[in-house]
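For 4-160, the entry in TrEMBL reads domain 'ATP-sulfurylase PUA-like'. The domain 'Sulphate adenylyltransferase catalytic' annotation in TrEMBL covers 171-385. Summarising the annotation, TrEMBL assigns domain 'APS kinase' to 393-545. Summarising the annotation, TrEMBL assigns ATP binding site to Gly401, Leu402, Ser403, Gly404, Ser405, Gly406, Lys407, Ser408.
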Amino acid sequence: MPSPNLSPIPELYVSHESAQKLKHEAGNLLSWDLTPRQICDLELLMNGGFSPLKGFLSEADYDGVVENMRLADGTLWPMPITLDINDDFAARVEVGQDIALRDQEGVILAILSVTDKWVPNKSREAEKVFGADDLAHPAVNYLHHTAGKVYLGGPITGIQQPVHYDFKARRDTPNELRAYFRKLGWQRIVAFQTRNPLHRAHQELTFRAAREAQANLLIHPVVGMTKPGDVDHFTRVRCYEAVLDKYPQSTTTMSLLNLAMRMAGPREAVWHGLIRKNHGCTHMIVGRDHAGPGKNSAGEDFYGPYDAQDLFRQYQDEIGIEMVDFKHMVYVQERAQYEPADEIADKDQVTILNISGTELRRRLREGLEIPEWFSFPEVVNELRRTSPPRAKQGFTVFFTGLSGSGKSTIANALMVKLMEMGGRPVTLLDGDVVRKHLSSELGFSKEHRDINIKRIGYVASEITKNGGIAICAPIAPYTATRRAVREMIEAYGAFVEVHVATPLEECEARDRKGLYKLAREGKIKEFTGISDPYEVPESPELAVDTTGVDVDHCAHQVILKLESMGLIKA
Ligand code: PPS
């Protein structure tokens, strides 16, 4: 049994006076604007959440972590914590240099003394750390499409914590939590890691876990970055606060963890264990498919359901924290209570009820009843407030296809039909219109096309977030960029990709703007379909071909799709 050690752990911050001085001096240093994920990592580096790390990994540490979950000195550490940068910045920074790390408002949070600069083998990192170089894994997708090409490593001198304006009283550093546990005399503490709202089953299982371990309970939700598409942390925290009242007084507390999850299943579980150990916990609940990323591109689970528990058990002593098995709780109607599924002796004589996550989302989406035995009314109310039924939420219809394929025409018809129905504001972001008003300085290189599409995605995501309907109709020739836009939008509402799959021959034969002719003559360079690529969408929500079909029919097909997805009512 790990003994509780609640003495302070080392942080990377300098004293208040030195910080002021350093901040002043650091104004002259070359500086890097941290990404949201890097800010999360930096906060946990500085406050000891990632102890024993002293900074972003050096190349030798990185190699060890990737290959066998160990730093160069043999210490267990399963997750690469690296500072990724782009080529431009890499060309300006040298090993031996100090650089200032700034948040997104330009505030200097820390200084990095660069000891290492290297180009990582990202495919190897994906294979070893996440189990497959498969873009369906959110962290692999991030690695290849969001993270910079070059990594910097070196020790950190912490100047100040990242600023948070939300739920300040609920955020604790490892030392603040340790001090809290000391003050209350808590000796054994079970941590519950979560990125989802808690319902009655979770409340039951966490309470049982704590009781069985004769421990107090720490609800330790992640509020940094979770899986794209998760319920936003503002809503979740309001839900957690409601559930906290359901535990017997003074047995349980909650603290928010600004972690950027990687959804790395087994490795992630070990990492979570080390982080909870640093926060003063003695036990951690590890569930079925802990930190699972969902299905791979072949439609199979990335990890086995108990891989995370197995790996955790293997390293438990080294982590210094004991694993508490997650019990699958189900509701027994006759006894009106939750019981662990594997402890029900009279299974055949009783009625067992359960609502899956998918079913819950469906009920929320369609405004259906969510029974009281499943969740607390306060939690359901919160979820309904932020997830109104789909027919009242914002969404984006994203047409993609070759020039002249009919995107704009269908998009216009769709807009008019949706406006006729009423209820939500509709905005059309047509390719040509966007290029005039938002992207007039851009050309048609891959880089410029990507900037253009990301701008459209950003505007559409804001419209979707605020309950409107955005209709986009650019060519958007690249799969990765379309995927990035999908992720931006799915954080707030549905993304309906419509491939206007009119064949090139037909588009060229129409040549409504005379551009194909010019492209064939070489008078327009980088013309999609002629001298520039178009990557065909693999699984759009809908594909339509306008050859020999009238616009009204195509727009109607989109309307039917929107109805079947519950986005509009018939
Ligand atoms: S992209 O790739 O999504 O950024 O393109 P988009 O913003 O939709 O702009 C496409 C319109 O610009 C005209 N045009 C070209 N298209 C493709 N390649 C090249 N080189 C090019 N140069 C100009 C063309 O009229 C496109 O309009 P649509 O409505 O698609 O025909």
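Every residue, even glycine, has its Cβ placed from backbone N, Cα and C.
Curation plays no part in TrEMBL annotations; they are all automatic predictions.
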To test your reading of the ATP site: which residues beyond Gly401, Leu402, Ser403, Gly404, Ser405, Gly406, Lys407, Ser408, same chain only, put their Cβ within 8 Å of the Cβ centroid of those residues?
Ile475, Val500, Thr502, Cys507
When the Cβ positions of the binding-site residues Leu402, Ser403, Ser405, Ser408 are compared with the atoms of ligand 1, which fall under 6 Å?
Ser403, Ser408
Looking only at Cβ atoms, how many others are within 10 Å of the one on Ser405 (ATP binding site)?
29
Hey, which of the binding-site residues Ser403, Ser408 is the loneliest by Cβ count within 10 Å?
Ser408
I'd like to know which of these binding-site residues, Gly401, Gly404, is least surrounded, judged by other CB atoms within 10 A.
Gly404
Model confidence over the domain 'APS kinase' (393-545) (mean pLDDT, whole number):
95
